[in-house]
Structure formats: structure tokens, C-alpha cells
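The structure appears below as C-alpha cells.
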Amino acid sequence: MSGSMSSVFSLLYLLSVCSACYISNCPIGGKRAVQDLPSRQCMSCGPGDRGRCFGPSICCGEGLGCLLGSPETLRCQEEDFLPSPCEAGGKMCGYEGRCAAPGVCCDSEGCSMDQSCVNGDATAFGQPDLLLKLLHLSNHAHPYRLHQ
């Protein structure tokens with residue numbers, strides 16, 4: 001009987017140790033201490049630092065779209081080592097995400113299509129760039145057109 005009691009106590013001890021914070025960027029004072037710190041804007045990333053980090057491997061920005069797991073997102077991994085939490089731009093969407101690009105909602109885990117990110121602030125995503133993108137696409141027309 002004493003062997004089973006020591007096994008139970010060992011299991012309870014392991015459970016108490018396992019309830020520790022597993023996230024590499026847990027703040028001093030535990031998870032609840034985050035509520036006391038003011039949020040800041042997330043780090044810039046991507047080509048020319050035109051984007052903002054939305055997660056450890058997610059970089060989104062105006063006219064850039066979203067980059068996932070590319071070399072441009074490596075800087076976003078540094079965000080895990082900063083003591084204060086950050087808040088990416090855009091309005092709230094999804095479960096805990098924010099609008100990252102037109103029609104795209106991102107959180108720290110990934111991105112998904114979201115209609116609530118299409119409507120609303122047209123200036124937040126640079127609508128004037130749409131004309132430039134269309135002009136850019138028209139320049140890539142096939143050079144050998146058949147004339148009838």
C-alpha cells in the first residue's frame with residue numbers, strides 16, 4: 001500500500017511542477033502580470049520594414065499582404081523575448097485576431113479569410129494602391145498578342 005501512496009504523491013508532485021508556464025515569453029510574475037503592462041505596437045518586419053509582426057512567423061502589412069514562415073518573418077521571433085506584450089494594428093476580427101490585410105484576419109497562430117476585414121476603413125489598407133496594382137498587372141500582359 002505504501003508503494004501506491006508514494007506513486008500518488010509523486011504523480012501529484014509532477015502535476016504541480018507541470019502547471020508552470022510553458023510559453024517562452026512568460027512575463028516575470030506569471031501570465032496574469034501581463035494585464036498590468038501597457039501594450040505597445042508590434043515590431044516592424046518584411047521588406048523595408050513595411051509590415052508588422054502578428055506572430056512568431058507572420059508578417060503582414062499595407063501593400064505587402066501577409067508573409068508566413070518566410071525569411072522576412074525571422075525578425076518576428078524576437079518578439080517572444082521582449083517582456084511587454086504587443087498589439088498588432090487593425091480592428092478586431094475572428095476569435096482573438098486583428099485585420100492584417102484586406103480580407104485577412106491574423107492572430108499569433110495563423111491567418112484566415114474574414115469578410116469583416118474587407119469592409120470598414122478603406123484607408124487602413126491603402127485603397128489608392130489598388131490602381132497601382134492594376135497598372136502593374138497590365139504591364140505583364142503577354143508580349144505576343146495575336147492581331148486579327
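These residue numbers are counts, starting from 1, taken along the chain as shown.
Including glycine, each Cβ sits where the backbone N, Cα and C put it.
Feature annotation from Swiss-Prot assigns signal peptide to 1-20.
The disulfide bond annotation in Swiss-Prot covers CYS21-CYS26 (among others), and the record cites similarity to another entry as its basis.
Positions annotated as glycine amide by Swiss-Prot: GLY29.
Annotated disulfide bond per Swiss-Prot: CYS42-CYS86 (among others), in sequence order. Cβ environment of CYS42 (disulfide bond): ARG52, CYS53, PHE54, GLU79, CYS86, GLU87, ALA88 lie under 8 Å away, each six or more residues apart in the same chain.
Taken from Swiss-Prot, the feature disulfide bond covers CYS45-CYS59 (among others), and the record attributes it to similarity to another entry. A strand conformation is recorded for CYS45 (disulfide bond) in the three-state DSSP classification. Of all the Cβ atoms in the protein chains shown, 25 others lie within 10 Å of the Cβ of CYS45 (disulfide bond).
All chains included, 27 other C-beta atoms sit within 10 angstroms of the C-beta of CYS53 (disulfide bond). Per Swiss-Prot, the feature disulfide bond maps to CYS53-CYS76 (among others); the stated evidence is similarity to another entry.
Marked as disulfide bond by Swiss-Prot: CYS60-CYS66 (among others). According to DSSP, CYS66 (disulfide bond) is assigned to a strand segment. The Cβ of CYS66 (disulfide bond) has 19 other Cβ atoms within 10 Å, all protein chains considered.
What Swiss-Prot lists as disulfide bond is CYS93-CYS105 (among others). DSSP gives CYS93 (disulfide bond) a strand state.
The disulfide bond annotation in Swiss-Prot covers CYS99-CYS117 (among others). Counting only same-chain residues six or more apart in sequence, the Cβ atoms lying under 8 angstroms from the Cβ of CYS117 (disulfide bond) belong to GLY90, LYS91, CYS93, CYS99, ALA100, ALA101, PRO102, GLY103, VAL104, CYS105.
With a cut-off of 8 Å between CB atoms and residues at least 6 apart in sequence, the same chain places PHE54, ILE58, CYS60, CYS66, LEU68, GLY97, ALA100, VAL104, CYS105 near CYS111 (disulfide bond), listed in sequence order. Swiss-Prot lists CYS106-CYS111 (among others) with the feature disulfide bond.
In the three-state DSSP assignment, the secondary structure recorded for CYS59 (disulfide bond) is strand. Recorded residues CYS59 (disulfide bond) and CYS106 (disulfide bond) have their alpha carbons 10 Å apart, per Cα-Cα distance.
Rounded to a whole value, the Cα-Cα separation of CYS45 (disulfide bond) and CYS76 (disulfide bond) is 7 Å. Cα separation, CYS106 (disulfide bond) to CYS76 (disulfide bond), rounded: 14 Å. Within 10 Å of the C-beta of CYS59 (disulfide bond) there are 31 other C-beta atoms, taking all protein chains into account.
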